[in-house]
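Novice: Below are the structure tokens for one structure; questions will follow.
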Amino acid sequence: MTSTAQPSLPAFKAAILAEALPYIRKFHGKTIVVKYGGNAMTDEKLKQCFARDVVLLKLVGLNVIVVHGGGPQIENLLGRVGKKGEFIQGMRVTDAETMEIVEMVLGGQVNKDVVNLINQAGGKAVGLTGKDGGFIRAKKLMLPNKDNPDAPIDVGQVGDITQIDPSLISFLDQGQFIPVIAPIGVGEDGESYNINADVVAGKLAEILKAEKLVLLTNTPGVLDKEGNLLTGLTPKQIDDLVEDGTLSGGMLPKIGSALDAARNGVKSVHIIDGRVEHALLLEILTDHGVGTMIKNR
Ligand SMILES: Nc1ncnc2c1ncn2[C@@H]1O[C@H](COP(=O)(O)OP(=O)(O)O)[C@@H](O)[C@H]1O
Ligand SMILES: CC(=O)N[C@@H](CCC(=O)OP(=O)(O)O)C(=O)O
């Protein structure tokens, strides 16, 4: 006779904890880059769950690096000065006044908020922008123009990463600190560049030879035209989804960065739902992967 009784809650919890052990062993000492999207940081309880997950991962021996966004938070401040954001191919058109606001919001309010959350949860977070130690160098980005390849599109002070110096991050890691990075780069003449946070996270994961890149956003993952979750995507499938318009807006730089990272040595790359409590722990330390995995072929 087979029993249909459900395991008791303590037994269920113990089983989940035990499930984490092989993952802790596998990832101990490895680098994990986590992109915390502005859209995933709107709810207080979720923010605290995120911070606790980051601290737990650090305590069990993973080198966790956080790169945060802040698109909605920038939009909010722009609105207060009577401006509205404009995006082309998922990149914010950034004039001088917008750059000032971007720097204020990303490098100030949002960065300090994430640092404080992690520290309140028991971690030792240190906030940085790419201007600190000049560790993210950038030049002006020109976007490709499908209609006229000879006339690339100018989106203002948006940065194209030219170099990332990993030594500052490694130094913080070794000191048991958790780097929290705002996606701002510095140009040759000290000028600031606004860089999409997914792009910074992807490049950083490549340079640091990260084991994993996890992009936390506000959808269950990549969705098809009918709104169904696509749990795994190959480069060819991604091309098709871009071509037929299934992927748009902020998903374009996200998927591009994810694919670049997967092709350039980051062992696993995931786009997951930051609105699910403890999504990060579920993805990294259990068998229950959530969201979309980006494959390199
Ligand atoms: N096929 C798709 N699947 C899922 N999301 C998509 C898709 N195409 C476009 N998106 C949009 O991309 C958004 C996520 O990107 P973005 O707004 O930049 O978020 P984040 O702040 O997390 O980086 C989703 O909220 C959704 O509106
Ligand atoms: C060039 C560019 O688009 N920069 C982004 C930087 C913030 C970001 O990427 O935030 P999310 O991850 O929350 O979207 C912006 O200005 O919105």
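Cβ from N, Cα, C; glycine included.
According to TrEMBL:
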| type | residues | note |
| --- | --- | --- |
| DOMAIN | 30-273 | domain 'Aspartate/glutamate/uridylate kinase' |
| SITE | K35 | site 'Transition state stabilizer' |
| BINDING | G70, G71, R92, N194 | substrate binding site |
| SITE | K254 | site 'Transition state stabilizer' |
Novice: Which chain neighbours of the substrate site, leaving out G70, G71, R92, N194, have a Cβ atom within 8 Å of the mean position of the site's Cβ atoms?
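Specialist: Checked against the 8 Å cutoff, the neighbours are G38, G69, I74, G85, V102, V105, L106, P183, N196, A197.
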Novice: Can you count the other CB atoms that lie within 10 A of the CB of R92 (substrate binding site)?
Specialist: 21
Novice: Return the single residue from the binding-site residues list (G70, G71) that has the minimum number of other CB atoms within 10 Å.
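Specialist: Per-residue Cβ counts within 10 Å for the binding-site residues G70, G71 bottom out at G71.
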Novice: Give the distance between the Cα atoms of G70 (substrate binding site) and K35 (site 'Transition state stabilizer'), rounded to the nearest whole Å.
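Specialist: Checking the Cα atoms of G70 (substrate binding site) and K35 (site 'Transition state stabilizer') gives a distance of 11 Å.
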Novice: Within its own chain, what residues at least 6 apart in sequence put their Cβ under 8 Å from the Cβ of N194 (substrate binding site), listed in sequence order?
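Specialist: Looking at Cβ-Cβ distances below 8 Å from N194 (substrate binding site), excluding near sequence neighbours, one finds R92, T94, T98, M99, V102, E103, Q157, V158, G159, P183, I184.
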Novice: Three states by DSSP: which one describes N194 (substrate binding site)?
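Specialist: N194 (substrate binding site) sits in a strand per DSSP.
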Novice: Which of the recorded positions K35, G70, G71, R92 have a Cβ less than 6 Å from any atom of ligand 1?
Specialist: G71
